[in-house]
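For reference, the structure discussed in these notes is given below.
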C-alpha cells in the first residue's frame with residue numbers, strides 16, 4: 001500500500017512530538033517530511049534558559065538527534081524555511097526552491113519573539129532570546145562586555161537575566177509593570193520573588209517604558225520615557241512572543257491571533273492542520289509544553305483515522321526555572337466577586353501560599369518558597385474537585401526540611417505533569433535500575449524532559465531515595481507461599497504456555513503445594529476466566545436462566561434475589577414475593593444495603609417451585625462482581641428529580657451482570673449534589689450536576705473509609721456509561737486478584753487511567769471486550785445448568 005505524504009512545517013517541540021505520536025499510532029501510514037528553519041535537530045527550546053544559567057549543556061537539550069530522523073525514514077529539511085503553500089497543487093515551496101508535495105500538511109510554525117518598535121533596535125548588541133544561536137551570542141557577549149539590560153519581567157526575561165548573572169554580567173531587568181510576573185503572581189508573591197532575585201545580584205527598574213536604544217553602531221544604553229537613562233553593552237528583548245502566522249495568512253488559511261483550528265486541530269482548509277504555539281483554539285493560543293503535547297496527541301489520532309475526542313482546553317501552570325527560587329502558580333491567582341482566597345505568609349522563612357476558591361472548588365494557587373504541593377494543586381484545579389476542611393488544613397502545613405515532604409507524599413502523586421510521571425514510577429526506576437542522576441531518570445522515565453520545571457523536585461526526590469530516611473519499596477510479592485512467582489509472572493506464563501486449568505498451571509509452574517491454597521486457587525480461577533472467557537469456573541451458584549438461578553449457601557440451602565434494577569420495584573412484584581414467602585414458609589427475608597430483597601434458607605425440594613411461581617428475573621450476584629447499584633430513591637431524601645439517575649443505574653446494571661471482577665465493585669449513583677448514595681466513597685460513584693455527571697473512582701466505605709478521585713465530568717448519560725464500562729473492563733484486565741479499585745488506581749496512576757479512557761478507540765475496544773465477556777459468561781452458566 002502506497003504511503004501518504006505528510007509534510008510538517010516546523011521542527012520544534014510541538015510538531016515533532018505530534019510526529020512521534022503518529023509513528024506510535026501507525027508507523028507505516030505516512031512518508032514524513034519536516035521543514036525546520038533552524039540548522040539543528042529537534043531540541044528543547046524551553047531549556048535554553050538552563051543552558052544560559054550553566055545547569056545544562058546544549059547537547060543535553062537535544063530531544064531527537066539526527067539518527068532518530070534517519071531511523072524513522074523522515075526527510076529533514078533543516079536550515080530551510082517554507083515560504084509558500086500552494087494549496088491547489090498541495091505543494092510547499094521552500095527558500096531553497098524545493099517543492100515538497102503533501103497529502104496532509106501540519107503547520108507547527110511556532111512563534112516569533114516580540115521586538116519593541118522603538119528607535120535603535122537595529123544596533124549591534126540588541127537581540128532576542130529564542131534560539132540556540134541567541135543563546136550562543138549571549139554567552140560570547142558575556143566574555144567581552146559587562147553590563148546587560150533585559151527588557152521584560154516575565155518568566156523568560158527573569159530566566160535570561162539569571163543566566164547573564166551566572167555568566168558574570170551586571171544585569172538590570174526593565175519592566176513596564178509595577179511588579180514582576182503579574183500574569184502569574186499577585187503582588188505579595190512578586191515582592192518576595194523580587195527580594196530573592198535582588199539577593200542573587202539582579203537589579204530591577206520597574207514601571208519603565210523604553211523610548212530609545214542609544215548608541216552609535218553598538219548599543220550603549222536605553223533612554224526611558226521618564227527621561228531617565230540606563231547604560232548597557234547588551235540589550236535582550238524578552239517581552240513576549242507572537243504566533244508565526246504569516247505563511248498561513250498568505251496561503252488563505254483563516255487566522256486571528258493564531259491559526260484558527262477546531263477541536264481536532266483542523267484549519268479551514270482541507271487536509272491542513274495546525275498545532276502548537278501558532279494554533280489558536282477557542283480564542284486561546286497556548287505557549288506551554290503540556291497543552292502542546294495534548295494537542296499533538298489529538299491531531300496524531302485524527303490524522304491516522306483513529307477515533308478521538310477533540311481537544312477541549314488546558315489548565316495553565318507556571319514554574320520558574322531559577323536555581324534557589326521556588327515559585328509555582330496555576331489557574332486564577334486573583335480574587336474576584338465569587339473567587340475568594342485562603343493565604344498563609346511566613347515572612348521569616350520566606351514562604352507564601354495562596355489558594356483561590358470559587359464555589360467550593362480550587363480554581364487557582366500560588367506557592368512561593370515551598371512548592372512541594374505543586375502537582376497536588378495542579379490536579380485539584382484540573383479536576384475541579386470539591387474541597388473539605390481536612391484538606392484545607394493539610395494545604396498550609398509546611399513541607400518541612402529534609403525528606404519529610406517526600407515521606408508523606410503518596411506514590412501516586414504526579415511529579416512531572418508534562419509526561420505524567422509519578423513519584424512511584426520514579427522510585428521504581430531508581431531502585432530497579434540503580435539510577436544515579438537526574439539525567440538517568442529523565443532518560444528512563446521522561447520526568448523533567450520537557451519544560452524542566454520539575455527538575456529540582458526530581459533532584460530532591462532522588463536525594464530522598466538515596467538517603468537513610470528512605471524505606472519505601474516497590475514490593476515484589478509472590479502470589480502466595482506455594483510459589484516464588486509474582487501474580488504478573490504467573491499470568492504471563494499462563495498465556496505463554498497456554499495453560500487452561502488450575503491443575504495445569506500448578507504443575508507447569510512447579511507449585512510447591514500440589515493442590516495450592518486458599519489464596520492461589522481462586523486467583524488462578526479468576527485469571528483463567530479473564531484469559532479464556534469460555535473457561536467454566538467452579539462457583540457456588542445454581543443458574544439456569546434469568547428467571548431460574550440461586551446462590552448456594554454453606555448449609556445446603558439457597559438464597560434468591562429478585563432483580564430490582566436501580567433498587568426500584570413495583571407493587572405487583574412485592575405482592576408475588578410476599579405470597580411465595582408465605583406459601584413456602586421463607587422466614588429469613590432481608591433488605592440489603594444495596595436496596596435488594598434476599599429470600600434466604602430455601603430448601604432444595606422447593607427451589608424449582610419457587611422459581612416457577614415467582615416467574616421473574618432474578619439477580620445472579622455472587623462473589624467478586626459488580627454489586628447492585630445503590631441509588632437515592634424517594635422524596636423523603638430530597639426533592640431533586642431522580643429519573644435520570646435511576647435510568648442510568650438500570651442501564652449500568654444490565655451492562656455488567658454476570659461479570660467477574662478482581663474484587664467486588666460497589667457503585668453509587670446520586671441524583672444531585674446532596675450525594676445521598678454516598679457516591680464519593682464507592683468504588684465508582686456518579687453525581688448528577690447541572691452540566692452532566694461527575695464520575696468518582698477509587699473510593700471505599702469500608703473500614704478504611706476514603707473519598708474517591710474525580711475521574712471525569714461526563715456531559716451525557718451515554719458518555720458516563722461508556723467511561724464507567726471502560727473503567728471496569730480496564731480494572732478487570734489489569735488489576736491483580738483481590739486488588740481493590742483504590743489500590744489499583746494508586747498503583748497504575750489516575751493520569752494513566754484517564755489517558756486510556758479518554759482515547760476513544762481504546763475505550764471502544766474495552767467496552768466491546770466487556771460485552772463479549774458478559775455474553776460468554778452467561779452462555780457458560782446456561783450450558784452448565786440447563
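Just so you know, the numbers here start at 1 and follow the chain as drawn.
Glycine is treated like the rest: Cβ placed from N, Cα and C.
Whatever TrEMBL says is automated annotation, not expert-curated.
Pulled from TrEMBL:
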- 5-281: domain 'FAD/NAD(P)-binding' (DOMAIN)
- 317-384: domain 'NADH-rubredoxin oxidoreductase C-terminal' (DOMAIN)
- 414-463: domain 'BFD-like [2Fe-2S]-binding' (DOMAIN)
- 479-528: domain 'BFD-like [2Fe-2S]-binding' (DOMAIN)
- 555-615: domain 'Nitrite/Sulfite reductase ferredoxin-like' (DOMAIN)
- 630-757: domain 'Nitrite/sulphite reductase 4Fe-4S' (DOMAIN)
- 638, 672: [4Fe-4S] cluster binding site (BINDING)
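With helix defined as DSSP H, G or I and strand as E or B, the domain 'BFD-like [2Fe-2S]-binding' (479-528) counts 26 helix, 0 strand, 24 coil. Within 10 Å of the C-beta of residue 672 ([4Fe-4S] cluster binding site) we count 18 further C-beta atoms, all protein chains included. Counting Cβ pairs closer than 8 Å to the domain 'BFD-like [2Fe-2S]-binding' (479-528), the top stretch among 5-281, 414-463, 630-757 is 630-757. Restricting the average to the domain 'Nitrite/Sulfite reductase ferredoxin-like' (555-615) gives a pLDDT of 82. Secondary structure from DSSP puts residue 672 ([4Fe-4S] cluster binding site) in coil.
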